[in-house]
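S.K.: One structure is given below, represented as structure tokens, and several questions about it will come after.
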């Protein structure tokens with residue numbers, strides 16, 4: 001029987017059928033061929049081209065199914081992004097729009113057997129926000145387009161620049177502290193040299209004393225010669241009896257002494273030196289204590305400045321474990337359940353992936369709580385002076401609702417914070 005004419009009703013009906021969606025059971029995904037009836041599908045399965053495609057499938061079935069699954073996922077998300085980008089819509093509506101294209105990848109050739117299984121996969125992978133309602137599954141596309149990626153990149157760049165500025169200021173303050181400590185050590189060493197009993201002052205004092213005694217001897221000799229020239233022998237005898245002193249600069253005290261008065265003067269001078277050394281030592285100690293107190297005050301002021309600059313009214317950050325406390329989500333079983341912050345939106349809203357169900361929720365930070373790990377666990381400091389640093393939990397004070405942590409890595413590596421509030425630290429997800 002020949003073909004129908006171009007404008008006959010039968011030819012028109014055939015063209016309409018060719019454009020529309022035929023029965024799913026008569027479609028061959030490997031050959032991407034739609035048959036109109038059972039007889040045509042049977043003939044296609046017996047064809048040589050179909051047999052070759054089935055041999056290819058038999059060599060690597062998992063790879064073929066995975067390829068069809070990726071194509072199905074990409075096409076479905078493309079349709080959802082273009083048609084329902086910012087709306088909450090039923091999954092069946094989107095699926096019906098998707099299969100309206102006769103060249104779409106059929107679901108029975110993918111690794112998902114049902115639409116419900118595919119929707120759960122979208123929620124687990126974070127492609128969509130998934131809600132199970134009495135009317136069925138509803139999905140909302142999570143927009144991760146280039147515009148938001150650019151905004152996130154600019155935000156990360158701004159945060160890095162702020163952190164770099166803070167690190168520069170902290171290095172400058174650390175250098176100032178080192179210089180202050182070095183100057184304190186130098187002043188202490190100079191004061192110790194001045195107060196030592198074997199110093200230059202003792203040597204100069206003995207030399208002056210020797211010169212005075214020598215001048216006195218010369219004056220006495222000249223007077224004796226002018227008064228009585230005949231008594232020269234007596235003067236010579238006196239000079240021999242009282243010889244001039246031999247000065248050794250290493251000796252502490254002069255060896256020449258003239259009676260008890262000079263001994264008293266020497267002892268008084270020694271006492272004055274000791275008192276002066278003690279006074280200088282006390283002054284040095286007081287000066288060192290004053291410098292230390294000034295240094296402590298400087299460090300406290302710097303700590304307060306960091307606290308003021310890093311204390312914010314938002315604390316969410318990716319990678320931490322939080323507890324959902326929203327009463328509106330209690331009916332769905334999410335209340336008091338833990339999840340991981342995957343992304344932060346506008347500083348105050350977080351995308352939370354629940355640990356048990358793997359569902360992705362958007363929750364405000366007011367309806368979230370921080371999670372404290374066991375002793376020895378890693379935490380992130382989410383607010384306060386050391387915001388953004390990782391630390392290890394050392395102990396917990398349940399009466400004061402605070403914890404003791406030790407900062408790890410970074411500029412403050414090894415610093416111990418003795419009392420940090422529960423709200424300022426949160427468990428890190430491993």
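We count from 1, first residue shown onward.
Glycine residues also receive a Cβ, built from the backbone N, Cα and C atoms like all the rest.
Remember, it's a predicted structure, so these values are computed and weren't measured experimentally.
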S.K.: Quick one: which of 147-183, 332-368, 369-405 does Swiss-Prot have down as coiled coil?
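M.R.: In Swiss-Prot, residues 147-183 carry the label coiled coil.
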S.K.: In the same chain, which residue numbers or ranges, 6 or more beyond the ends of the zinc finger (28-50), come under 8 angstroms Cβ to Cβ?
M.R.: 17, 22, 56-57, 64, 68, 102-103, 105-106, 108-109
S.K.: Just give the helix, strand and coil counts over the region 'C-terminal subdomain A' (319-370), going by DSSP.
M.R.: 6 helix, 27 strand, 19 coil
